[in-house]
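Structure first, commentary second.
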Amino acid sequence: MSDQRNSTIQTLRRLWPYVRPHRARMTVVLSATMLAMLCGLGIPLLTQRIVDGPIQNKETGPLPWLILGVLLLGLGEAVLFYIRRKVVARPAAEVEARMRFDLYQHLQRLPVAFHDRWQSGQLLSRATNDLTTVRRFVAFAIVFLIVNSLVVLIGLGIIAALSPWLLIVSLCGALPLIVISYFFEAKFKVVARKAQDQAGDLTTTVEESVLGIRVLKAFGRGPELSKRFLAQARELRTTELHKISILASLWSVLIVLPELSIAGMLGVGAIGIVNGWMTVGTLVAAVAVSAYLRWPIDSIGWLLAETNQAASALERYWEVIDSPVTVTGPATPVPLPAPVRGHVRFEGVRFAFEDGREVLSGVDLDLRPGETLALVGATGSGKTTLTALVPRLADVTGGRITIDGVDVRDFSLEDLRTVVGTAFEEPVLFSASVTENVGLGVPDVSEAAVREALRVAKAEEFVDALPWGLATRIGEQGLSLSGGQRQRLALARAVVGKPAVLVLDDPLSALDVHTEAEVEGALRRVLRDTTALVVAHRSSTVQLADRVALLVDGRIEAIGSHRELLDTNEEYKRLLSSMDDDLIEEEVAS
Ligand SMILES: Nc1ncnc2c1ncn2[C@@H]1O[C@H](COP(=O)(O)OP(=O)(O)OP(=O)(O)O)[C@@H](O)[C@H]1O
Ligand SMILES: [Mg+2]
């Protein structure tokens, strides 16, 4: 358990760099809160003066001054609490925003393999729920944990000064409380973490079902998913209820013990007054102080709970932040050759996924500058995997890939990604304008460049027909566009920066025959000036290429012109005919 406590403290300590820039404000917050609590503590002492002075002596002379004192203390307390609220909002919000930004940035830098492994809902809930918990901790729990602990100590000091007997009675109430809080803390932390993880799973389910709504509706899977959602929501509810039941048992202890100690104080005090070793004012003041200390003492339990919740939220946050960025630029990158010729070589390239399965086992390819090479292979043969290695979405696990003789890992990532343009099988678009979507990889892209890229991708016409042209916001994931339109925008995005090397993963897959012919023409123009690796699923795409490489069992089995392969390679013929049989029959006939 002490290990666990240490880890809680360590987790919390890592928050300091975020709070540090706001330490001046936080000091103001702490001081204001402390002073406010002290004002509150002063009131029972003035009460003692009133009871033992004017009331005891039946002489009202000093009364107005004492009353005024009470009023001022009350006012001071109110004003200081107001200041606390005002001042704390900013640092807390900024800590939250800064941490969220860092998380986002880190998520951007993490390799694709990380995102394959992690559920997006878990990441979402870490970026939202968990950071809100952290903000609450910074704004509230940490401040009151410090202040209330001090106030309790000071309050007990005051009671001690009033009467040591009364202190002993109060301590009888306070000590068991501290011990119980200590044990409760460990139990609570486990449940708090479980609740946060389950909230993450729930977010994943919601997210998936929203993104996949078309598929789910089409396959009538809605009710089943609702059932799954309900089950997860129930699980989360059970955990939350467990959390609450732990809190409830703590609360009952928290409430009973101070009551008992006040009863004890009244008993001891009455005996003291009857026997003449205590004044009425002293007893009144001590009971008033005890009553005032109730909230600080009560609160320590749930402040600890809040602290634990924050610690486990932070733990979840650090888990992501601590995931290593495995694809990084070199310390001293090789500058880009000027001009980049675009000579791409795969030398004995191997790639295995984290589970150890090797998808590529020694790929050799040589793309001459300006050449277009089509990559053909059965589904699941590793074509997408191979293309992802060029812009370093993942790194080779053996061999190397060079551009103009330089290992791609020796360029800075920024440089590499300006040299290599990519379009993926699934044309992912963002809810942003057409210009932003197309210019994604080029900072401060000019409208002329976007237009040219759109023209090349045969997308200008339909973009101009959109309500606001280039400025039209494309719906989430581009769902408001047709598959072919999306693909053409993705193509425009790949070429807008005029990259020397283009990697296109089946760029024509979603086009109908008519537009395909049009885009093909456009593509032909694009491919003329760049070195291109194009994954092809159709003979029409293959025909755009100078040469074709056939990927089988993780190696390049054959390479040559479309004609040559068709004549000499049975596997190639079989593959292509399975892709689109009409065309191949024409081919063979001709
Ligand atoms: N993240 C991953 N972890 C483990 N295996 C994976 C992962 N991603 C893909 N694979 C596997 O790697 C193999 C190659 O996948 P890849 O997507 O490269 O195939 P492909 O040739 O592009 O197929 P298609 O023609 O259907 O697009 C497949 O067997 C696939 O199941
Ligand atoms: Mg693929």
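Each residue, glycine too, has its Cβ placed from N, Cα and C.
Here TrEMBL flags 24-43 (among others) as transmembrane segment.
Taken from TrEMBL, the feature domain 'ABC transmembrane type-1' covers 28-309.
Among the features that TrEMBL reports, transmembrane segment is placed at 63-83 (among others). Same-chain residues lying 6+ beyond the ends of the transmembrane segment (63-83) with a Cβ under 8 Å from its Cβ atoms: 28, 32-33, 35-37, 39-40, 42-43, 46-47, 49-50, 53-54.
Through the fold, the transmembrane segment (137-159) approaches residues 15, 19, 26, 29-30, 33-34, 37-38, 41, 44-45, 84, 88-89, 91-92, 95-96, 166-167, 170-171, 174, 286, 289-290, 292-293, 295-297, 299-300, 303-304, 306-307, 309-310 of its own chain, all at least 6 residues removed from its boundaries and within a Cβ separation under 8 Å. Per TrEMBL, the feature transmembrane segment maps to 137-159 (among others).
Feature annotation from TrEMBL assigns transmembrane segment to 165-184 (among others).
For 244-268 (among others), the entry in TrEMBL reads transmembrane segment.
According to TrEMBL, the transmembrane segment annotation covers 274-293 (among others). With a threshold of 8 Å between CB atoms, the same-chain residues lying at least 6 positions outside the transmembrane segment (274-293) that come near it are 40-41, 43-45, 47-53, 56, 151-152, 155-156, 158-159, 162-163, 166, 170, 258, 261-262, 265-266.
The domain 'ABC transporter' annotation in TrEMBL covers 344-578.
Long-range contacts of the transmembrane segment (244-268) within the same chain, counting only residues at least 6 positions beyond its ends with a Cβ under 8 Å from a Cβ of the stretch, are 165-166, 169-170, 172-174, 176-177, 180-181, 184, 187-188, 191, 283, 286-287, 290-291, 293-294, 297-298, 301-302, 305.
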